[in-house]
Amino acid sequence: MSAAPVQDKDTLSNAERAKNVNGLLQVLMDINTLNGGSSDTADKIRIHAKNFEAALFAKSSSKKEYMDSMNEKVAVMRNTYNTRKNAVTAAAANNNIKPVEQHHINNLKNSGNSANNMNVNMNLNPQMFLNQQAQARQQVAQQLRNQQQQQQQQQQQQRRQLTPQQQQLVNQMKVAPIPKQLLQRIPNIPPNINTWQQVTALAQQKLLTPQDMEAAKEVYKIHQQLLFKARLQQQQAQAQAQANNNNNGLPQNGNINNNINIPQQQQMQPPNSSANNNPLQQQSSQNTVPNVLNQINQIFSPEEQRSLLQEAIETCKNFEKTQLGSTMTEPVKQSFIRKYINQKALRKIQALRDVKNNNNANNNGSNLQRAQNVPMNIIQQQQQQNTNNNDTIATSATPNAAAFSQQQNASSKLYQMQQQQQAQAQAQAQAQAQAQAQAQAQAAQAAQAQAQAQAQAQAQAQAQAQAQAQAQAQAQAQAQAHAQHQPSQQPQQAQQQPNPLHGLTPTAKDVEVIKQLSLDASKTNLRLTDVTNSLSNEEKEKIKMKLKQGQKLFVQVSNFAPQVYIITKNENFLKEVFQLRIFVKEILEKCAEGIFVVKLDTVDRLIIKYQKYWESMRIQILRRQAILRQQQQMANNNGNPGTTSTGNNNNIATQQNMQQSLQQMQHLQQLKMQQQQQQQQQQQQQQQQQQQQQQQHIYPSSTPGVANYSAMANAPGNNIPYMNHKNTSSMDFLNSMENTPKVPVSAAATPSLNKTINGKVNGRTKSNTIPVTSIPSTNKKLSISNAASQQPTPRSASNTAKSTPNTNPSPLKTQTKNGTPNPNNMKTVQSPMGAQPSYNSAIIENAFRKEELLLKDLEIRKLEISSRFKHRQEIFKDSPMDLFMSTLGDCLGIKDEEMLTSCTIPKAVVDHINGSGKRKPTKAAQRARDQDSIDISIKDNKLVMKSKFNKSNRSYSIALSNVAAIFKGIGGNFKDLSTLVHSSSPSTSSNMDVGNPRKRKASVLEISPQDSIASVLSPDSNIMSDSKKIKVDSPDDPFMTKSGATTSEKQEVTNEAPFLTSGTSSEQFNVWDWNNWTSAT
């Protein structure tokens, strides 16, 4: 791009600017002389003149503007000086007094003294005269400054004081696209610039020449006039339409009831008569909403009117926000507020009429039918009114894609039919009793107010579906009316359909969570890149079209997401929706300005994601609807079983459609679950076969014991608890959670189970295992045998089989001998209470909820321990003593703040850890720190590491017996570290057989720990799983050691002793002498 053009004001020479300063200074000095100023004031005036000229030069954009402003300022001040000088001269000529004295006397006229009294005072007290003269000069100077400030303020106010309409026009001019015919009149404009906001940015960057600026000003005026004329015509058209609506209003209160009572025959019209008309035709048809704004003072009190107006303004603002950045014009806002207040007035009139009709129904039984029809007509009118109003106001949204439109129409149709049926049932219930009618009227009003707030953002998405649903319901009602020969004797009893969103009253916690998630989403920092230049015109048009089609989908997902959260309590889903809402809003705003920040494929993925969101939300709403319908049917069957069949006659078609859709969904879900179960069973069978083959290959001697145990488990009189049937041949029923009996929650935490889990487990016994979540585990690969609770070792299997069985019945008597149960047979399993009910997998999973949380916490604890040790190795790499002591402190449960270090941590390391250095961490380092499971810091030369998940109660201590086990065998007169190293060598182990050093007895293998459950949780507990892959006593066996160690090997082992350099020094090193340890560091 070329360099910025040189401003013509820069061509002014210093001599010309000095000439302007002298001209301004001459006028100021004349005024100072007229005011009787001193030399000090003259010096200040010179400084002010220079500063004023410099400020004016910097403010001016051209030489012409600079010279005009300077000449105008000098001319104004010269005129002021001449006027004052003439006035002083005229007064002095009349009174024969010097001009300066006459000016001072005029300034002192407010004190009530005349010219003669002034002369007397001057003769009597010269000092007082001098004081008055000085005061007069100060007053004149102050007046001059005040006048200048007032002139500047008036100019600023003239620029700033704009009416709301002018301000709105200015704002509209900033974002309104400039017509191409006008844009061509401005030379040197880049092709991507089409708004005045962008032109202003170019001018501020000094990329436009003065000729361009002059042309831009002329074009701006023309464009402003065009917009003003267009707005004026729009206002006139709206005012004329409003006048027509006012002419259709009610002149008297008595006519309100006549206009509200529309005959039922007019409402039961064919669907095409109302669905194909536009909003203006609907307003002029039989569904015209009565206007009662001229009687607002008779309906509401002044306080109610003020509160209602404020409520209407807030509702209008909320509606404007839901349009994702689209601005509403002032006439549309006023029309919205008027219609909102009109609806409120109609609702109040309706409530009063309902109470009156209920009173008449109680006094006269013949008015029952009329009392039932009137509220239905009013409700239907209000529903039609909401449709017309929303169609008139929100016309910016467009239809969505065809694939999503069918789904949305079906969902909206079901939702609207439920609302209408609920309103009909409430209207019929109101005619029974006055108290009950008032309560239901209030509930209906609250429900309608909530529905209105939602319908304002969803009006266009449901307008067509509402009209179709109303016509369909009216046609059904008309058919039922013809089918009933005696409607008075057999009154219609409509069954109230459950509203899927009814009763979703959010708790205080829900409201707080939703607010917090919305606030967090609003703080999201979006870094969008302008890709406008990389897109073709065809791609731009496609992006605009798809965003316009998906706008309705975006609004619906954003509006229904909080309500679905109340059902599912899924915070991640709501958070994603809020974040995407901010993302979509930014995209739409940029697109409205002609800037594209996403490509076409990104828009496609975004719409697909929103469609998936909506489909998921629709399924949740339908599920809740099915639950509410079942609850209602159960309540109707329990409360009035004789009227169930008659109540269902009104909603047969609706229920059939809903049941068919739900049955299809359930059938698909069952098929998916069955396929998953079959796949899981096949995988489990394959795993079992592989494990059995490995078991027979590795431990052939253990097969008889397992077979005996399997036969014992299948014996009819044997009593083995449900949780203990986990042998090799009867394992599958645990994996198919649907067909198993319900496990009580208390069974997972019984003392007997904990005791059996902590028991010894023979490592050679091979059995299929599943994770036992009640055991604290720190290793993902750790799995404890399911037969650990009651399963004996292979040596005692026969003895156990001979033991006397318990007489209590086993819950798995019907299990087949091969251990793989048939699903059909599992359904016939009898419980102690009779027939065994079917349980789903959710109930079984809830039984292990406590253990799952514990296992998760232990897994996090393991990660924290590993991370703590890694940080210690990094920081204490030059201090083994601190590394050892801090690790030992963790084992003893000592807090980090109480641990002292022997070395001083370098300041560079402290700044790096605490992030207090001048050098900021890189993105990779910050990402690693965020993903770390602990927060690390160094305070007062102490390494403090706190858990991110449990900062206060986290402890890494272990039992003292386990700490003592490390030093097992060390005692007596032990002083030499080499003794510890040699004694711990596997070559000198007492477990080795002297006769055959390469072979060992099975009893001394000690693959499974025997002492405590803590050793099971140690990192070495995966030896058992590793031993499955190798043979015992093979070269890869970790427990197998060569018979003799060479001298070099012994020397290498000896050198492993810390702080030992030679054999002589090892004899002198006393482990109990602290000085030796400190000197070694």
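In case you wondered, yes, glycine gets a Cβ from its N, Cα and C as well.
In Swiss-Prot, the annotation region 'Disordered' applies to 476-505, one of the ranges 476-505, 626-655, 656-685. Of the candidate ranges 104-124, 692-712, 713-733, 923-943, Swiss-Prot annotates residues 692-712 with the feature region 'Disordered'. Scan Swiss-Prot for phosphoserine across S831, S879 and the hit is S831.
Confidence across the region '30 X 2 AA approximate tandem repeats of Q-A' (422-481), taken as the mean pLDDT and rounded to a whole number, stands at 48.
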